[in-house]
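Q: From TrEMBL, here are the annotated features:
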| type | residues | note |
| --- | --- | --- |
| BINDING | R75 | pyridoxal 5'-phosphate binding site |
| BINDING | R97, S98, Q105, R313 | substrate binding site |
| BINDING | R271, R398, K463 | tRNA binding site |
| MOD_RES | K284 | N6-(pyridoxal phosphate)lysine |
Amino acid sequence: MNSENFTLSEKIVSPSYIRQGSQARRSHEQLIRHLLEQGKCPEEGWSESTIELFLNELAVMDSNNFLGNCGVGEREGRVASSLVARRHYRLIHGIGRSGDIAAIQPKAAGSSLLNKLTNSVVLDILKLAGVRSVASCFVVPMATGMSLTLCFLTLRHRRPKARYIIWPRIDQKSCFKAMITAGFEPVVMENVLEGDELRTDLEAVERKIDELGAENILCVHSTTSCFAPRVPDRLEELATLCAKHNIPHIVNNAYGVQSSKCMHLIQQGARVGRIDAFVQSLDKNFMVPVGGAIIAGFDESFIQEISKMYPGRASASPSLDVLITLLSLGASGYKKLLSERKEIYLFLAQELKSLASAHGERLLHTPHNPISLAMSLDCLQAENEKAVTQLGSMLFTRQVSGARVIPLGKEQTISGHTFRGFMSHSEVYPCPYLNAASAVGITREDVTLCIKRLDKCLKTLKKELNTAKSRDLIFNYTSPP
């Protein structure tokens, strides 16, 4: 209610009670005012009542919620199900206009304000997470792969003759298909093995630039967050190469926002060389439903160019989800989650190392990967070649999700390109292994339970293998010549 309605209310209920209610209302409004003034994530999280009040205030600004609205167009924010309307807080019009996802909608002042505030709050969080010189970003209602495609398509207009994208290999289908979908030819650069780690082959990248010609290369497509034993690309060196040869540089930072190391690499890469845009997932970094990503960069005009490349209006759901989440957590709450993730990474590493030792395996030494860990499965492979794959099935049926078991020699063809040693980021990685990751939101209980079930699976599997061996020995001993 406004001040006039509060005054009128004093004629019905005791003025002292009404004044108390008015003060409570003002405390909510003061938080909202600070958000509108600063455009930053609040330091302390908001209560659900404040968030819902704010969203309801935004919703009544959209034309589909006007009391006297008379809609005669084809897109009037009509919703058949009240359940769907409540799920979206009656913010039905989405974001953007047909020519620009960042444009203001005349019919939807509230949804437009939501979009602008979300982008502003997310930009603040990217700075807080370590990329302090980032200039601009926007939330796009597509996951990381299609968001990368949008970046590549935007670069096409700047480099119409280019047909190649240089891509240090990472065995993840969507980032490879993003280049194919955009109509370009990925040039897969094999990684080099340094100890247990797979790292960027900088010399091979530079040789390939010289061979293809810089003008024929759309961009270098590098990666930060990845499954061990691959580690983040050498971003500073790649950024320097891109600046030297005047080649754009797009970074796949899928779940790197949660890692200060990944964000530091991006910041440093932009400082010493060239990074045109970096793309990150909403669900992996902010614990919201799948379906959104953040495209960010250091040149505001280029980021705006990408946003204008998006055809048509877009769903507001990813923007709404991440704004609600960040308002709930506040900057302090998100920083706490990042700190806890780091602590649990160390705990997971220690637990995996102990378990590996108990089973004659070892924790692979991958100090440059701040999120993912890998444990060798050499002994299991030596027992039976199929045992490694069987371990993966056993873990999945025992509700251990996210652990990846990587056997040797697997092949996979994607859009005509055959990857040998697929999932291991290398044609000839020396051992099979198991992955586990300490990602934002993980708990110590998750780690403890995972280690317990993994230990039990390994023991069960080895027991079954030994039993099978004994049967074979007995059969061979008793069989007639």
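Even glycines carry a Cβ here, placed using N, Cα and C.
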Q: With every protein chain in view, what's the tally of Cβ atoms within 10 Å of the Cβ of R271 (tRNA binding site), excluding that atom itself?
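A: So the Cβ neighbour count for R271 (tRNA binding site) comes to 13.
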Q: Can you list the residues of the same chain, besides R97, S98, Q105, R313, whose Cβ falls within 8 Å of the substrate site's Cβ centroid?
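A: Once R97, S98, Q105, R313 are set aside, the remaining close residues are G94, I95, G96, G99, D100, A103, G312.
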Q: Between the binding-site residues R75, R271, R398, K463, which lies closest to S98 (substrate binding site), Cα to Cα?
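A: So, of the listed binding-site residues, the one sitting closest to S98 (substrate binding site) is R75.
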Q: Around the C-beta of R398 (tRNA binding site), how many further C-beta atoms are within 10 angstroms, looking at every protein chain?
A: 14
Q: Which one is closest to Q105 (substrate binding site) in space, judged by CA to CA distance, out of the recorded positions R271, K284, R398, K463?
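A: Answer for the nearest of the recorded positions: K284.
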Q: Are there any residues in the same chain, six or more apart in sequence, whose C-beta is under 8 angstroms from the C-beta of R313 (substrate binding site), and if so which?
A: H93, G94, I95, G96, R97, S98, I101, Q105
Q: These are the recorded positions: R75, R97, K284, K463. Which one scores highest on other Cβ atoms within 10 Å?
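A: The most densely surrounded of these recorded positions is K284.
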Q: Counting other Cβ atoms within 10 Å of each residue's Cβ, which of the binding-site residues S98, Q105 comes out lowest?
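A: Comparing Cβ neighbour counts within 10 Å for the binding-site residues S98, Q105 gives S98.
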